[in-house]
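Beneath this line is the structure, given in structure tokens, with notes to follow.
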Amino acid sequence: MNGVTLDLEERAKVTSGFKSGCSGHCTSYGANCENGGKCIEKYHGYSCDCSNTAYDGTFCNKDVGAFFEEGMWLRYNFQAPAVTARDTGSRAENSADQQQHLAPDLAQEQIHFSFSTTKAPCILLYVSSLTTDFLAVLVKPTGNLQIRYNLGGTREPFNIDVDHRNMANGQPHSVNITRHERTIILKLDHYPAVGYHLPSSSDTLFNSPKSLFLGKVIETGKIDQEIHKYNTPGFTGCLSRVQFNHIAPLKAALRQTNASAHVHIQGELVESNCGASPLTLSPMSSATDPWHLDHLDSASADFPYNPGQGQAIRNGVNRNSAIIGGVIAVVIFTILCTLVFLIRYMFRHKGTYHTNEAKGAESAESADAAIMNNDPNFTETIDESKKEWLI
């Protein structure tokens, strides 16, 4: 401070009322920010910054997706929006300014998205460049997934065909592609990842990326014949959590972000979560299963959020479980008490009954005789019932 180094930790040790060893909220709860979300420290808690992810929500775990109708497409321009000649003063200055805003060459990419469709063939994702380099993820007429890389140095694009799975079955599928120079790792749904290698003659740089397309490719210049063949009528279905490196084009189109100016849409984009989760789920381990007994006190589950305090309620799941367990215990105890009471009541009165049998019924000839002997009015009633009246 003002050029002087202050050792606050040493001063805290000799000052009463201070204890060492405290940490911020993100140190304990930062793992709650999922899918690459950044934990932001706050005075009364923390929040998750999801701006560089394809997710939304309190903990960056809510998918952002949309439904694409036939013929609809989305384009994300990597380079900054064009600067007009009026602002720069001349076309030459405008061209120089655009050169400064060109996207850098890429030696690696990370692509993540989820989709569902019943129509094939179609193009899911396409990345163009100012050169002949391109990257495409498409569904072939057979419903199989294909990834096409063209980085230069080879006569034909490098293809990765996943022929043993039908991806056009209407179910959500997750696609993760990671490339580092010539090594490509492909992971579909929750199946094990598979590695591929570009030819040794292939270049390792994706030169001058220009635009990213979703649903359909609307690009000037020469386009690969396979891409052109699969480009009509276009993708129909759902796309979700689309991310290319740190860029989330679908989220930029559906949410107002700093990258929204780079997006152009043809058609009406309707937000939907129909392509959110993959169909095939792998068995959950004890470390990720929220119902596992050893996991009840762990910190990796999704917990409620208290917007008034700006922090997550870490024991929200445990509290709810305790309440439900208590209610069930009370109901069972009440039922047991009721059964015990009914059983005791039934056995207490078992075998006892009361009759209105007239006295002396044992010595009388019949039950009517016993009644007549004990009730003198009974005979009078009989006599009155035998009287006749003349009208």
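Heads up, the Cβ atoms here are built off N, Cα and C, so glycines get one too.
The domain 'EGF-like' annotation in TrEMBL covers 23-61.
As annotated by TrEMBL, domain 'Laminin G' applies to 81-274.
Under the heading transmembrane segment, TrEMBL lists 322-343. Below 8 angstroms of C-beta separation, not one residue of the same chain at least six residues beyond the ends of the transmembrane segment (322-343) sits close to that stretch.
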Secondary structure tally of the domain 'EGF-like' (23-61) (DSSP, helix then strand then coil): 8 helix, 10 strand, 21 coil
